[in-house]
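Chemist: For reference, TrEMBL lists these features for the protein:
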DOMAIN    102-159  domain 'Potassium channel'
DOMAIN    294-364  domain 'Potassium channel'
TRANSMEM  17-37  transmembrane segment
TRANSMEM  105-123  transmembrane segment
TRANSMEM  135-153  transmembrane segment
TRANSMEM  286-306  transmembrane segment
TRANSMEM  318-336  transmembrane segment
TRANSMEM  342-363  transmembrane segment
Amino acid sequence: MATTSQPLRGKTTCKKIFWAVFPHACFILSLVIYAFLGALMFSHIEGTQEVTVNEEYRTFLQNLMYLARNLSDNVTENEKMFKDDIRELFNRADPAWFINPEERWSFFGSLFFCCTVFTTVGYGNTYPVTRIGKYLCMLYALFGIPLMFLVLTDMGDILATVLSKSYNKFRELQSKILASKLCSGSTCSKRNELKSRAQSKIVINEPLTIMELLRSQPGVKRGPVKYRNVELFEMLIARENENTQPARNKSMERWSSCPELAQEKTVSRVIKNFDKIGKELEKLDVPIVLMVLVIFLYISCAAGVLPNWEKKMDFQEAFYFCFITLTTIGFGDTKLEHPKFFLFFSLYIMIGMEIVFIAFKLGQDRLIVLYKKVISFCAEKNMPSKKIYPK
């Protein structure tokens, strides 16, 4: 029996782990599939567009050729004028004229664009040009952004649980260290003696069974007939207790006896867990200074690694790029030369957005408390003072 029960217990634990991880994996997998489908869609629409030379582009080329001819005639006199004219000319140019759609809208380039859309970063260096692509981009963002925020909220619960437990353990360890420093040897020994004496006085009397109670009576121990009557009496009471058991225990027996019903109960429990998304994040209460320190260390680690991929970035530029990305500002002034590394960087970005989101939530709660204190303080100042009239 022991050999057969161990595999069953292993299967049940594996099922419990599967159903516990399933909702989180479902959200992340949905987001990955959504990103890949968007990459295929935009690479097909924007990558296969025909490059049409419009009238504005032809005018741009003509003006550029005119400026080049004037510069070749007399370099010394027209150099300053040439710089001003060429700057004005390129400011009016459309960047789409100098982009090859097949190179820009490859699968990985389109996947990079999709990640910037549903993460609301939007660097601005890649954007749809065709009218169909713009309409589909709006529709894609309409469903992708809520899915991304759902993943962020779900992962935020996990991260909030880890942070709260770590912070509570740190506080417990800190309190134990302070207690050990404040407590001397003599006082601690006296306290332990008092505790041991108090515990020794406490006697836990467990309730006797009917069998033990009747056996303790002097008239029960004499004859075997009375002993049988006691056994019958105890069996009748046990049967009556079985009939008067609450419905919850019987349902638990049905769950354990029928695996299909047990699986349905597990599935219903998982479905109910979907309603608890975001609850752990609301319960989180850690110092805001700690979250700022975590964000600084998190961005510093990436800023130290990113210059190895992007050679034109130093530590400060990489720190600025990571901060702009994690806060979803995305000015686009700092661009990546290798967008493929952004895909490997996506897990870092999602976790970083979680940390920044938690920090913003804590900052919001602190601001609400501050506003409440300011309003209550102003209300107390404006309250009329009580005047005491003589009787």
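Yeah, the Cβs are placed from backbone N, Cα and C, and that goes for glycine too.
Automated prediction, rather than curation, is the source of TrEMBL annotations.
Can you tell me where each of these features sits in the structure?
Modeler: Beyond the ends of the transmembrane segment (105-123), by six or more residues, the same chain brings 31, 34-36, 38-43, 46-47, 137, 140-141, 144-145, 147-148, 325, 328-332, 335, 339-340, 342-343, 346, 349, 353 to within a C-beta distance below 8 angstroms of the stretch.
Counting same-chain residues at least six beyond the ends of the transmembrane segment (135-153), those with a Cβ under 8 angstroms from any Cβ of the stretch are 27-28, 30-31, 34, 38, 41-42, 45, 114, 117-120, 128, 277-278, 281, 350, 353-354, 357.
Same-chain residues lying 6+ beyond the ends of the transmembrane segment (286-306) with a Cβ under 8 Å from its Cβ atoms: 163-164, 167, 313, 315-316, 318-319, 321-323, 326, 345, 348, 351-352, 355-356, 358-359, 362-363, 366.
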Chemist: Could you give the mean pLDDT over the domain 'Potassium channel' (294-364), rounded to a whole number?
Modeler: 86
